[in-house]
Amino acid sequence: MVLFLNDGPVITKNEQEFKYIILYMDLDAFYASVEIRDNPSLVGKPVIIGGNPETKRGVVSTCSYEARKFGIHSGMPINQALELCPEVIILRGNFQLYSQVSKNIMEILEKYSPTLKVSSIDEAYIDITDIVENYEEAEFLAVDIKDEIYSIEKITCSIGIAPNKILAKIASDVNKPNGLTIVKPSEVKDFLSPLDIIKIPGVGKKSKKYFDKLNIKTCGDLAKTPYYKIYHSFGNHGLKLWKLVNGYNTESTEEKFEKRQRKSISKEKTFFETKKSWQEIEIEMRKATEKIIHKAKERRMQFRTVSLKIRDRKFNTSIRSYSLNCYSVKENDAYQAIKKLLIPFKKKYSPKDIRLIGVKISNIIKIPDEQKNLSQFFNNI
């Protein structure tokens, strides 16, 4: 049952708030990109993956951006694609290779956050709420991810960053290929307004026909349409779309991402400008430590293991860990462990070689109520 006020539908507290920052990654023309990477003679040429090169039969699995310029798209019969572009190159595809490259890339993403949710061979989401402070940091993180994927696999990707999964997915498609689009909570309605209604996931050709009858072509048209007309024509699903294009949060990320007990809290910092001294880097490590301990205290968690991640400018990543004698909630315990872990890195690297530092606490458990009170007492001394 849907409740309505006199001037509109009831908007819940959750729908009025955006609590998360979600990163969505989509590999650009993935199968074709792998083939072109491994065969440079294909660069700049229209390429189709799928079908039989000899018989010219089958269906297009994907195609290069050069092929798309001719109107070729996934799901199109090969013979139709040939009519549009007779010189198109047809490849059977090496799906075992694509799977391995995808696995490699997903492992790169998982290093950034354990909340990785793989939605297909070339798409994935990450909840980055706990590893960035704001959308500016999210942009730096996205650039780092894009750079690392290209450095290792020579494949480009497009990334969308937004307050929920559906918006992040839409954003990733705006500046393809090799794009990065960020949509902040205050920008949602303006971002969606000019987009064709079919750009919203879940709106297909059948739904679009009904929207056309209502003269709704864009998300902005939908936003301006009285909510009761949408509800009458499309029910709860239509009302959800109406709320989305009007800038409300229609998705509970907590439900979408796999629920699991939190096993760690981490904070990373990417240096896009080289650091001149270890002192500068230690200042950033101290800030990161402060933030993760603050989060641990907010969540009533105590930790026993502290880890330090260092990534150099060639994307080599090293992680060292140190376990305390007992569980702790103290920032100084974590930072002293970090300083010990940093010693071998100082011997191995120059400060200018460091691209990223990461601080993590793990082996964490809930603080019992009686211990929480005692911890609060000592923290206030």
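Glycine is no exception: its Cβ is also placed from the backbone N, Cα and C atoms.
Please treat TrEMBL annotations as automatic predictions, because they have not gone through curation.
The domain 'UmuC' annotation in TrEMBL covers 22-204.
Residues or ranges marked as Mg(2+) binding site by TrEMBL: ASP26, ASP122. Cβ contacts within 10 Å of ASP26 (Mg(2+) binding site), excluding its own Cβ and spanning all protein chains shown: 22.
The site 'Substrate discrimination' feature in TrEMBL is assigned to TYR31. Counting every protein chain shown, the number of other Cβ atoms lying within 10 Å of the Cβ of TYR31 (site 'Substrate discrimination') is 26.
If you look up TrEMBL, you'll see GLU123 marked as active site. Shown in sequence order, TYR24, MET25, ASP26, LEU27 are the residues of the chain, 6+ apart in sequence, with a C-beta less than 8 angstroms from the C-beta of GLU123 (active site). DSSP classifies GLU123 (active site) as strand under the three-state reduction.
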Neighbour tally for ASP122 (Mg(2+) binding site), based on other Cβ positions within 10 Å of its Cβ: 23
Alpha-carbon spacing, ASP122 (Mg(2+) binding site) to TYR31 (site 'Substrate discrimination'), which is rounded to whole Å: 9
Average pLDDT across the domain 'UmuC' (22-204), rounded to a whole number: 93
